[in-house]
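Sequence annotations record features per position, and here TrEMBL assigns region 'Disordered' to 1-22, 254-273. Per TrEMBL, active site, proton acceptor is recorded for ASP29. As annotated by TrEMBL, active site, proton donor applies to ASP149. Here TrEMBL flags 254-265 as compositional bias 'Basic and acidic residues'.
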Amino acid sequence: MTDADDSSSHTDSSDPANPTTFDVIPAVDIQNGEVVQLVQGERGTEKTYGDPVDAATRWLEAGADSLHLVDLDGAFDGERENAAAIESVLESVDVPTQLGGGIRTAADARDILDRGVDRVILGTAAVQDPDIVAEISETHPDSVIVSLDAKDGEVVVEGWTEGAGVSPVEAAERYEELGAAAILFTNVDVEGQLEGVATDPVRELVEATDVPVIASGGVATRADIRALEEAGAAAAVVGSALYEGNFTLAEAKAAADDGEGRDGGVDADSDDA
């Protein structure tokens, strides 16, 4: 577990908000105490993958440089219902972590950061009160990642159930001014479907802002990893493709390192998957 205030240790390739190389970040999404993956963020579509600590340690053993943690119950209900499971994960890992889901106030965020999470991910809270980004950053600099989840070109909130009436680019520009350390962009249209990524929205965000853009949603092959890197993303959060064995974490990182994904992406039904 890393110290929340030790920013000096988080300026290398293992830190997606201060990248020197493209990072592939395994997702550990937790619902009812179990790791799950959802299709387009909808309850009832989940597929379970076991204990969060087991998943986190497995990704570390596979070479993960950081982890993406989400309390899905918190995202849907606004309550930190998986706090104990997340605490157990934090006690079991020694790489940078970013956590989202159910963080609604600056006090919530500071408490989570003080418990050892390196960066908090704000979605609904930042949309409802953009100044919360600056407020948290005053006491915990470089600690806020703003999550922009988009469906049909519009930012969505409240567990992807409500439109915010703003485009991802417009929102990103505002949060950059308020001190966001990075933008986490999730394309809900392709999330969890293993059908590939849409790079145009990612490229638009990269070109519009100077903060790192972390991409999420739709990664199915190593070619998708390479496409996101070429679009300018600093990192990619990957869930279903890793859990389903489309490729290994090492293969995904190699695709980003040497461009293998551009010509050698592995399909879900490939013999090499």
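Residue numbers in this text run from 1 along the chain shown.
The backbone N, Cα and C atoms fix where each Cβ goes, glycine too.
Curation plays no part in TrEMBL annotations; they are all automatic predictions.
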Most Cβ neighbours inside 10 Å, all chains, among the active-site residues ASP29, ASP149: ASP29
Cα-to-Cα gap, ASP29 (active site, proton acceptor) vs the residue listed as 'active site, proton donor', nearest whole Å: 15
